[in-house]
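Comments concern the structure below.
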């Protein structure tokens, strides 16, 4: 990564953090009870998004049932960027988000409630059959409970920095109040780790 690219990326992230000021309200108790009942009946599932699927318009394009449930964090994991087997994304022209185990770290994201009818579509979006990502079930934490959520982890990840295009898609203008909390914390994590790792070699690059 060139010094210019690094500085540009860092400034963009810092700018986005400064203009994101709205925080998420907790879901109402009635809403939480209704959602829990649906989940127990297996008519819906909870999906934890930490990358480009933070963007409502992107996720709902092929998964129309997706509704915001809450903001949560995944404990003992960190957010990194890379490509499956080092094959750069033709859409994003750089690394894309995934997670890896890292005791003591947290990954912030948005929990979506989705109908089971959208499960196959979500798997296709994450290229599960092609082996790019694997679905897993893990617990994420809110301020008052733990939730079992589906999420996706990249296979054979080779670290690579994200493109400005990838980060700009997640512009704060696209986010509502519920998504801003996760995005603020995620961007803060991105920036902190960028500043700490500016001398790292590209294929070892992780945020």
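Every residue gets a Cβ built from N, Cα and C, even glycine.
Annotated features in TrEMBL:
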type: SIGNAL; residues: 1-23; note: signal peptide
type: BINDING; residues: 47, 48, 49, 50, 51, 52, 166; note: substrate binding site
type: ACT_SITE; residues: 126; note: active site, proton acceptor
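Locations of recorded TrEMBL features on the structure.
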| residue | record | contacts (Cβ under 8 Å, 6+ apart) |
| --- | --- | --- |
| 47 | substrate binding site | 53, 66, 111, 112, 113, 114, 122, 149, 150, 151 |
| 48 | substrate binding site | 72, 74, 109, 110, 111, 112, 138, 140, 149, 150, 151 |
| 49 | substrate binding site | 59, 109, 110, 111, 112, 151 |
| 51 | substrate binding site | 79, 96, 97, 98 |
| 126 | active site, proton acceptor | 132, 133, 135, 152 |
| 166 | substrate binding site | 52, 92, 93, 94, 95, 96 |
Fill in the blank from the handout: Most Cβ neighbours within 10 Å, among the binding-site residues 50, 52, goes to 50
Handout entry: Where residue 51 (substrate binding site) sits in the secondary structure, as DSSP reduces it to three classes
Key = coil
Practice task
Can you see whether DSSP assigns residue 126 (active site, proton acceptor) to helix, strand or coil?
Solution key: coil
Problem - Whole-number Å value of the largest CA-CA distance among 47, 48, 49, 50, 51, 52, 166, listed as substrate-binding - result: 21
